[in-house]
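Straight from TrEMBL, the features:
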type	residues	note
BINDING	Ser35, His95, Gly171, Phe172, Gly173, Gly174, Gly202, Gly222, Ser223	substrate binding site
BINDING	His60, Asp62, His95, Asp200	divalent metal cation binding site
ACT_SITE	Asp62	active site, proton acceptor
ACT_SITE	Asp200	active site, proton donor
Amino acid sequence: MLRLARLAASVPRLQARPTTNSRHSMAYSAKIGPSILSSDLSCLGSECVRMMECGADYLHLDVMDGHFVPNITFGHPMVECLRKTVGQDPFFDMHMMVSRPEQWVKPMAAAGASQYTFHLEATTNPGNLIKEIRESGMKVGLAIKPGTTVEELAPWANQVDMALVMTVEPGFGGQKFMEDMMPKVSWLRSQFPSLDIEVDGGVGPDTIHKCAEAGANMIVSGSAVIGSDDPRSVIALLRTAVAEAIQKRSLDR
């Protein structure tokens, strides 16, 4: 536990998003979140600790129900076990690829989830779901599939903490990065300057610069980080690329 206590002290927390009044400032920063589904699932707790020790800013946890996407992964009991293993500090970004996102808000909050990211395509009442997530004490993320236009997300962007632009079809790992999703990221960054914008799918050293230049600041990376012989160096490379793009954007304003 002493090692985890030291780890907790050294890992930066995700900062709360500024209020709408300060939305015109550039308050976002580079954050790298390994997708733990790419790790050895037989030792998931130790893999999460390893990723945080390698410099991850948060952990991205993919929940799939076999309905919204074909695959099945894990639910809130696993999240509760992971929280007990890694302690209270690591930020759990729950990517809820489920057909009834309303059903799992309270269980995930009780299990120790930090942010509940649901798919716009999976609900008929986003506003009510956003309110429910906030009331449960979690941050709110809103995701869109490649086939969903960014304009459909826009009405809710001021009500959420993060927008997730999928750069692959959700549900399977190891897919090729879809560069044609970058205009969505660019548009969101231009319209909502301080919003956290996440990209997920096929992101690694070969594609990070496209994501960073478009304006993404929260980077989900699976096999490129976890499958690397040196995850610490890959995480540092990804963060540097994003931080440099943020700095450049600030200077260009």
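Heads up, the Cβ atoms here are built off N, Cα and C, so glycines get one too.
Automated prediction, rather than curation, is the source of TrEMBL annotations.
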Checklist entry - Looking at the binding-site residues Gly171, Gly202, Ser223, whose Cα is closest in space to that of His95 (divalent metal cation binding site)? => result Gly171
Checklist entry - Taking the centroid of the Cβ atoms of His60, Asp62, His95, Asp200 (divalent metal cation site), which other same-chain residues have Cβ within 8 Å of it? => result Gly33, Ser35, Leu37, Leu61, Asp93, Met97, Thr117, Leu164, Val220
Item to check | Spatial separation of Asp200 (divalent metal cation binding site) from Ser223 (substrate binding site) - C-alpha basis, Å | outcome: 12
Checklist entry - Going by C-alpha distance, which of the binding-site residues His60, Asp62, Asp200 is nearest to Gly171 (substrate binding site)? => result Asp62
Next on the checklist: Among the binding-site residues Ser35, Ser223, which residue has the fewest other Cβ atoms within 10 Å of its own Cβ?
Outcome noted: Ser223
